[in-house]
Amino acid sequence: SYFLSLFPFITWIYRYNLVWFSNDIIAGLTVAAVVIPQGMAYAGLAKLAPQFGLYSSFVGVIIYWFFATSKDITIGPVAVMSILTGTIVDDIHKLYPEYDYHVIASALAVVVGCAVCALGMFRLGFVVNFIPLPALAAFTTGSALNIIVGQVPVLMGNNKSFDTRQSPFLVFINFWKNIRFCNYNAILGLSALVLLYSIRLFCTYAIRRYPRREKLFFFLNTLRTVFIILIYLFISWLINRHDPTHPHTAILGTIPQGFQNMAVPTIDRTMLSELVTYLPSAIIVLVIEHIAIAKAFGRINNYAIDPNQELIAIGVTNVLGSFFGAYPATGSFSRTAIKSKAGVRTPLAGVITGIVIVLAIYVLTPVFFWISQASLAAVIIHAIGDLIIGPKTLKQFWRVNPLEFLIFWIGILVTVFSNIENGIYVCILTSLLLLLYRFGNAEGKFLGQIQFVSEREKRNVYISMNHSDGTNPMIDPVEMNDGIFIYRIYEDFLYPNAANYMEKLVEEVF
């Protein structure tokens, strides 16, 4: 039973059939078309060369299916984890220049993978439930703003005159101070961004207008990133083909063929001591993003996932991925949504995606040389924009609990004026403080007695004396006899709330 829980594919692989295979091929090819440009773009956020995004994309889909309990989720480079990885490797590289960026990133994948795998082995997946939705929304929205502000200078061709690794607030100010240094890349970047949103709006309208052609417009919408990359790759080639060594617009440049960075990760005492300080934030991002996505699509498609097994899956994937040169990867919301909509039937679709990525690594790297960096920035901004929480959700936060609404804005402000790592810690800390506050100030109610009469019985019922529980205000409960009172507590009677309960009891009784 334990062995089967570690390798869930054993429970369904013997029932695999051609119908499932055809659906998995379609889903796998669709995800591959999206993950290749996204992977190369997100690698830049991690301060790594584009090929490392391809390595992470390949390992994520080729290993995860062995351990997966979710048929929909796709493991690979994601924006938030990439920007956090970039911050970590940049900080460590400044202290120890002898460590290359990709060496630090691979070591981070091993350390965080082992930690997450241990959480799954010890069945600690429930800890995710202690983080409320507003805190999650705050760090995803704050991270999205951080990434977008950091990519605007690249989009406009103005990323050389100042440091884009500063806080988003400073990057935004410095961009406007140095806006005169923008160049022809801005034309490519802005037009690519406009086209991406135009295609999406058109396809969304067309699906409503022509429901019989929903599949056609779905795939057109899904592949819009590929179309834009190809169009601007061709434009970039036309502009720079005569002098590729001194291009007129920023291009991706040479990408080595194959897995050139396969090696045993370098983890010595110095490296480990530095990585441990960043481990909490990396684990939080890796775990929360993956589990939240897996649970959401499990509910949508009517199946249950095992959070602990999912932790083992992403842990093993990251540990093994580091030997291929991959950096930390987790579940991607956008690619998971595409995979689900494409009709995936089993996690084996990841193998199809992996095969296509391998072909790209070995065959298409000469073509990738001409990809416009401004168009990649447009792809990142377009993909990240959906992570920003809208007014409707904010209104719900306020109506449910104003304190949680406050947590959201605290997390946003810290992320924007500081960095993602501090934003994560503040969101978690304020959430825990709110949890303790609620538990320590748990409410209790004094109950009065009314007589309930029906055809079958007559009995006494006890309701709140002040009707704060929503009972009919026209019914007046009777107080108990002298010396007797009934007090209902709504939380466990423990030391954080014992004093609060006793104060209310003493105040009422004496």
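Cβ coordinates come from backbone N, Cα and C, glycine included.
Automated prediction, rather than curation, is the source of TrEMBL annotations.
Remote same-chain residues near the transmembrane segment (12-36) are listed as 54, 57, 61, 74, 76, 219, 222-223, 225-226, 332, 334-335, 338-339, 342-346, 348-353, 355-357, 360 (criterion: CB distance under 8 Å, separation of at least six residues from the stretch ends). Residues or ranges marked as transmembrane segment in TrEMBL: 12-36 (among others).
Looking at the domain 'SLC26A/SulP transporter' (21-410) alone, the prediction's average pLDDT is 91. Among the features that TrEMBL reports, domain 'SLC26A/SulP transporter' is placed at 21-410.
According to TrEMBL, the transmembrane segment annotation covers 48-67 (among others).
Counting residues 6+ beyond its ends, the transmembrane segment (73-89) has Cβ neighbours under 8 Å at 31, 35, 38-39, 42-43, 45-48, 53, 56-57, 60-61, 63-64, 101, 104-105, 108, 139-140, 143-144, 146-147, 150, 165, 275, 278, 281-282, 285-286, 289-290, 293-294, 297, 313-314, 317, 327-333, 335-336, 339, 350, 353, 380, 383-384, 387, 419-421 in the same chain. The transmembrane segment annotation in TrEMBL covers 73-89 (among others).
Look at TrEMBL and you will find 101-122 (among others) tagged as transmembrane segment. Here the transmembrane segment (101-122) has long-range neighbours at 46-49, 52, 85, 88-90, 92-93, 261, 263, 265-267, 271-272, 275-276, 278-279, 282-283, 286-287, 308-319, 321-322, 325-329, meaning same-chain residues at least 6 beyond its ends whose C-beta is under 8 angstroms from one of its own.
Residues 154-158, 213-214, 217-218, 220-221, 224-225, 227-228, 231-232, 235-236, 249, 372, 374-375, 377-379, 381-382 of the same chain, all 6+ positions outside the transmembrane segment (186-207), place their C-beta atoms under 8 angstroms from a C-beta of that stretch. Residues annotated as transmembrane segment in TrEMBL: 186-207 (among others).
Within its own chain, the transmembrane segment (216-239) is flanked in space by residues 30, 33-34, 37-38, 188, 192, 195-196, 199-200, 203-204, 206-207, 210, 247-249, 251, 338, 341-342, 367, 370-372, 374-376, 378-379, 382-383, which lie at least six positions past its ends and keep a Cβ under 8 Å from the stretch. What TrEMBL records for 216-239 (among others) is transmembrane segment.
Among the features that TrEMBL reports, transmembrane segment is placed at 275-293 (among others).
Listed as Cβ neighbours of the transmembrane segment (342-364) (distance under 8 Å, sequence separation of 6 or more from its ends, same chain) are residues 9, 12-13, 16, 19-20, 23-33, 35-36, 39, 51, 54-55, 57-58, 60-62, 64-65, 68, 70-72, 74-75, 222, 257-259. The transmembrane segment annotation in TrEMBL covers 342-364 (among others).
Nonlocal intrachain contacts for the transmembrane segment (370-389), taken as residues 6+ away from its ends with a CB within less than 8 angstroms of a stretch CB, comprise 37-38, 40-42, 44-45, 79-80, 137, 140-141, 143-145, 147-148, 151-152, 154-157, 185-186, 188-190, 192-193, 196-197, 225, 228-229, 232-233, 235-237, 240, 249-252, 333-334, 408. Per TrEMBL, transmembrane segment is recorded for 370-389 (among others).
Same-chain neighbours of the transmembrane segment (401-417): 132-135, 137-139, 141-143, 145-146, 167-169, 389, 394, 423, 426-427, 430-431, 434, 437, counting only residues six or more beyond its ends whose CB sits under 8 Å from a CB of the stretch. The transmembrane segment annotation in TrEMBL covers 401-417 (among others).
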